[in-house]
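Read through the structure below, which is laid out as structure tokens, and then see the notes.
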Amino acid sequence: MTTQYGFFIDSSRCTGCKTCELACKDYKDLTPEVSFRRIYEYAGGDWQEDNGVWHQNVFAYYLSISCNHCEDPACTKVCPSGAMHKREDGFVVVDEDVCIGCRYCHMACPYGAPQYNETKGHMTKCDGCYDRVAEGKKPICVESCPLRALDFGPIDELRKKHGDLAAVAPLPRAHFTKPNIVIKPNANSRPTGDTTGYLANPKEV
């Protein structure tokens, strides 16, 4: 492998506007039921009593997540046709001419990245906009973010600059697939496995 690319996700800046998601859908000409990049809204809170006075303790934050082009992708391990594979540049892609649409990859991926396209009759997924990257550009989701909450580049450089945090609630623990992402947590971020909050928009992700 030459260079492993990855995404930087700044949850402290993300407002959940979904511009990245819509830009991706437009650029990739996706059908309504398919979204390669999705916005997770994690929320929670309760009431706390202080000397007879009750106060709210509510929180919410957003995470913009697509395929994480994992170091150890679960999707490629279960693909019976070999359609799902990891390229030399680290991008995990699906060969749509080879895919048989069994959906095993979707069931295996803890991030739900591979998605079935009803119109095409097979799986589709984020390919990291490798065509744009080859031209020296960044993925369309990164360039469209109005708050600059996303970045992209060689994962080693991103980790050197931003650290190596790759999981907060509601994401799974990073050791399962070793995702090539770096997260700057929101001030309200909870650790993976947290039970004080919940995924507020399950139908959207």
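Cβ coordinates come from backbone N, Cα and C, glycine included.
As annotated by Swiss-Prot, [4Fe-4S] cluster 1 binding site applies to C14, C17, C20, C145. For C79, C99, C102, C105, the entry in Swiss-Prot reads [4Fe-4S] cluster 4 binding site. As annotated by Swiss-Prot, compositional bias 'Polar residues' applies to 186-195. The domain '4Fe-4S ferredoxin-type 3' feature in Swiss-Prot is assigned to 90-119. Annotation source Swiss-Prot lists region 'Disordered' at 184-205.
Taking the features listed in Swiss-Prot, we show where each one sits on the structure.
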| residue | record | CB count, 10 Å |
| --- | --- | --- |
| C14 | [4Fe-4S] cluster 1 binding site | 22 |
| C17 | [4Fe-4S] cluster 1 binding site | 15 |
| C20 | [4Fe-4S] cluster 1 binding site | 26 |
| C79 | [4Fe-4S] cluster 4 binding site | 23 |
| C99 | [4Fe-4S] cluster 4 binding site | 23 |
| C102 | [4Fe-4S] cluster 4 binding site | 16 |
| C105 | [4Fe-4S] cluster 4 binding site | 26 |
| C145 | [4Fe-4S] cluster 1 binding site | 18 |
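Residue counts of the region 'Disordered' (184-205) by helix, strand and coil are 3 helix, 4 strand, 15 coil (DSSP-based).
Residues of the same chain lying 6 or more positions beyond the ends of the domain '4Fe-4S ferredoxin-type 3' (90-119) and with a Cβ under 8 Å from any Cβ of it are 1, 3-6, 30-31, 33-36, 38, 65-70, 73-84, 125-128, 130, 155, 171-172, 176-177, 179-180, 205. Among the binding-site residues listed here, namely C14, C17, C20, C145, C20 has its C-alpha nearest to that of C99 ([4Fe-4S] cluster 4 binding site). Of all the binding-site residues in the record (C17, C20, C145), the one with the smallest CA separation from C79 ([4Fe-4S] cluster 4 binding site) is C20. Mapped onto three states, the DSSP output places C20 ([4Fe-4S] cluster 1 binding site) in helix. C20 ([4Fe-4S] cluster 1 binding site) sits 24 Å from C105 ([4Fe-4S] cluster 4 binding site), counting Cα to Cα.
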